[in-house]
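One structure is given here, and the rest of the page talks about it.
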């Protein structure tokens, strides 16, 4: 517990909250070839590697991921949600923030149904999260 005098001399320092998705908070100035502080909700990027990785201890699966080089020259690992995907190397994707708890180092999600990423096939519920169009009614 500080004394009144210590608080007058120094004061309280606010804690600075660290971003959960730091690559979305950087832009790139191609003329100056330098990074700028421009935050955005999503960013575009090009897949440099597409593969699978195994999750942390209690879980077991082959989770699909893509290594993405963003427009701000930062390379990040992004999760590919949903069943099945059409991504390859050099596919152009849109990423958003949001980590995957059981994959270490994966802090971003790829947006399904945007740019080169197709929506999930035959999905009926929660379609908006997976970029699936409304199915045609058969009468």
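Just so you know, glycine gets a Cβ as well, placed from its N, Cα and C.
So that you can see what the record holds, here are the features copied from Swiss-Prot:
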- 27-42: compositional bias 'Polar residues' (COMPBIAS)
- 130-139: compositional bias 'Basic residues' (COMPBIAS)
- 102: 3-methylthioaspartic acid (MOD_RES)
- 12-55: region 'Disordered' (REGION)
- 119-139: region 'Disordered' (REGION)
For residue 102 (3-methylthioaspartic acid), the three-state class that DSSP assigns: coil
Cβ-Cβ neighbours of residue 102 (3-methylthioaspartic acid) (radius 10 Å): 15
DSSP helix/strand/coil residue counts for the compositional bias 'Polar residues' (27-42): 0 helix, 7 strand, 9 coil
